């Protein structure tokens, strides 16, 4: 391959190459019309512009070349037939890609010079379907990419760029499509892959950066980096990892920051200079050699990058890649320090009756559970074998592997004697797998076929020591086969580090003479392979060695044999990890007998055997069974035990420890020194992500119990004056949400503070009265609703009038640091602090009180003296300008830049919404109530959004240092049992009263307005709206100002059409009983149960809404189109959409009064007060459109 691009990037001066900016952003500023796209049906299909308006695309290319870009990308991001099919343009894919490449090359020729050649990258986006989630099969995706690559290649691009990758299986399909076209053409082009890491730190399907590198490392790509989703700040850690570990050139093409919704449009704040400074660091310190811009970047951004690129030298990198397997989530390195790679053996239909029975029953869920159990036992890779006579193994492998990929975090070893089955697994498993296995038993054809698919899918390979004459039984024969296979595999292009030799552990337990040497032969073969082929790995199926023995004897013999093999170089084994014993736990006599058996140390007198270790081993284990080890806890000093009680949230034995401590210390000393020290550790663990919130609350409950036990032993003065400070907290007027406020109460009160908790819906008068009574050191206001933030600001104005100046903490989901530190701080004379979470409040108080006590706090200036200089804790800067508390200031939009022109209301119906579709007939007109007796919770539980419950409500968040595998194991072992327990409790004690009112109202649209008519009127008129009918209600909806120009009214038949359409409405609640029971738990200091139940009630209300919407779809006749899994349901992959007032598509909360009036929700005890708060708290409402084009959007 001759490539001017590679010559340039690998030239001695190691230049930094600059890619262009955002194609979409810079097409939008041209204000293209539907006609420019070739008609309304193609509007939004940027790829079609190379045919309908090529000058628009050429303008973008020229602007970026003029700015100094070295490379522009073709306008083919969505250029596969699969994506173009959404516009009925699938058959144009080859032509559009070729035309786009030729267009970009023509513009490049206008700018290219010998000193600064210009290049064109063929852009290949991710498409709209993720193969790992089953949206599209691997072969279809690969075939679609083949068409695109042919067009780009024939159009003359200089390199191919697979970009914005969200799914590693999608990347493999693209890369293998590219390789197919290269084989057709007899030549290659440079390859670049750019993955997209979302704000949560992984790709969309959950892949970590290390896993992405492990998966892509086997492929012949030239550049690997990141683009899209975030700005450069959130890319830093990923780029750093690539810098240190990737063998490829590193690229970084960020957005201009994170997008924000400003006036209904995506707005990117990062300025050209800010982008320039960030990428300058990446070049000089991390060795990045390819830079550019993604969403929101304009020519001025690219000019800023080009200005620095010509003068900067990338840091010389010395990357070290550790050979690894990977799931779609995380990596597993092959090398294990002082141990071996554990490959779980129980998911094997050839060797496990349990697995075979489950496979025959096609009980896929139980097979997945069997896999998960091996994760708990310590397996690091899962061996997956579905070989069973009479079954369709290709289908079985696809079915099982596709489930394992999304449910188990370990890499897979696909195990079969037939390569077709292994490939079936590779087509659904996007991680880096290992193939088990190939050998020469059927000659070289099958041997090379397995190598071929290993190379194609980037997999490791197990090679058994078997040739055309059968299994190698002697050490010499085993090594001879290994050496032959090694030379062939290396010549084929398989790296030595990806080869696992299996020298075959054959039974030594049969008593057959020719089997006596099997153990020694295997050990000797391992030693020789390790010495002469040192870069390869050596794997064994250990349990074969003990075939036929008593289970207890097998466990010991397997453990001793494993140890012997490790000593001479074995580094991987297929075993049940929980069935291997450490040598220290094996009786010395048993050890010796096993060694004698492995090395065939029988003793003879003449021909008579006087000592047979096999016989001895059988005798030693006669009647014995396997036993599990139970270890006791160490005895700790009472001081340390008290601390551990708090940290572990363990109340068992607490009173005994406290009684012991009372003999040595005063009660206050026990609290202030040892118990609070434990709570301090809890706070540190929570802050570093090592402890989840529910466990923090367990610690708080234990702390509360300890203090309650000690109080009778205290003097009255001690009990009254012990508080570190006083903290006043309230949820503001009109807001019933108290979970966040109560968590602050729990954390502060159990860290030595006196907390005055006023409760929910507190008007400012109550807060002021409480202030005057308790004289708190700090006031905190909480609220979940957007409207609550306005009340907070109003309250601050009243505080000023009342002369209140103490620091005020504001907390709640609707708040942002910018609103607190700009709007609210400018309102209040004292200091305003953004309360990110309960521990942020605690940290502030822990600094405030000693500062006040040492006269280093001023209500107007904030911290003074030494306290004002501690990093992250300043409330004011040195010059007195107000800033935040430990949070980096946000960039603000210059108001003068915003448009001041009067708004013209657009009421023209969107052409993106098809008006000609069959309108359903509802089963009834009007409303219907479903009481608790009509609703089975067993039908609602499966619709729980577990991500929202576990992470959002219960706050079981994955710590950054925890692997995906460890996190999933934690959820399986700790969190799912909690959910199961609460499901049972809710059912047994009738703690939720699910109630629904829903209905169907006749409607028609008129511009941006939806007209609602009397259901009785339509019922009396044969289901039709009379022409002279008067609407009983109207809803006015906003319209998008650009793009598809959607408005909710567009989804319904127009008044002009005369068609009667259907407007479904719903309101659901789990009842006031949920609110009352949550209050009871909190009042009883049952903090953890309070968190669990409150969170579950909130999410059950959401699940009930999903259940009701599902019922409506079924009643309207298209429920059969629903997906068959909860994930797709929650991602709105059904027909139509559900909207709630207050959100961008229908923002007017006043309309909810009308909705509740139509549904007459007071009949189920659901209402909304004057502050627009719905009661009971755990309730939701929604309006529904059944139109296929209806999805969430911002207007």
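Backbone N, Cα and C define each Cβ position, glycine as well.
What Swiss-Prot says about this one:
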BINDING   228, 294, 295  Zn(2+) binding site
BINDING   734, 735, 736, 737, 738, 782, 838  methylcob(III)alamin binding site
BINDING   945, 1138, 1192, 1193  S-adenosyl-L-methionine binding site
DOMAIN    1-309  domain 'Hcy-binding'
DOMAIN    340-599  domain 'Pterin-binding'
DOMAIN    629-722  domain 'B12-binding N-terminal'
DOMAIN    724-859  domain 'B12-binding'
DOMAIN    896-1195  domain 'AdoMet activation'
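Taking the Cβ of residue 1192 (S-adenosyl-L-methionine binding site) as reference, residues of its chain lying under 8 Å away and at least six apart in sequence are, in sequence order, 1132, 1137, 1139, 1145. DSSP assigns residue 294 (Zn(2+) binding site) to coil, not to a helix or a strand.
Counting only same-chain residues six or more apart in sequence, the Cβ atoms lying under 8 angstroms from the Cβ of residue 782 (methylcob(III)alamin binding site) belong to 729, 730, 731, 732, 735, 737, 738, 740, 741, 744, 810, 811, 812, 835. Across the structure, residue 295 (Zn(2+) binding site) and residue 1193 (S-adenosyl-L-methionine binding site) place their CA atoms 19 angstrom apart.
Each of the binding-site residues 735, 738, 945 was scored by the number of other CB atoms within 10 A of its CB, and the lowest score belongs to 945.
For residue 1193 (S-adenosyl-L-methionine binding site), the number of other Cβ atoms no farther than 10 Å from its own Cβ, over all displayed protein chains, is 17. With respect to residue 1138 (S-adenosyl-L-methionine binding site), the closest of these binding-site residues in Cα terms is 734, chosen from 228, 294, 734, 838.
Annotated pair residue 228 (Zn(2+) binding site) and residue 945 (S-adenosyl-L-methionine binding site), C-alpha to C-alpha distance, rounded: 27 Å. Note: the domain 'B12-binding' (724-859) comprises 66 helix, 26 strand, 44 coil (DSSP; helix = H, G, I, strand = E, B).
On its own chain, residue 838 (methylcob(III)alamin binding site) has 740, 743, 744, 746, 747, 748 as residues at least 6 apart in sequence with a Cβ closer than 8 Å to its own Cβ. Between residue 294 (Zn(2+) binding site) and residue 945 (S-adenosyl-L-methionine binding site), the C-alpha separation comes to 32 Å.
Taking each Cβ in turn and tallying the other Cβ atoms within 10 Å, the top scorer among the binding-site residues 228, 294, 295 is 294. Between the CA atoms of residue 734 (methylcob(III)alamin binding site) and residue 1193 (S-adenosyl-L-methionine binding site) there is a gap of 28 Å, rounded to the nearest whole number. Restricting the average to the domain 'B12-binding N-terminal' (629-722) gives a pLDDT of 79.
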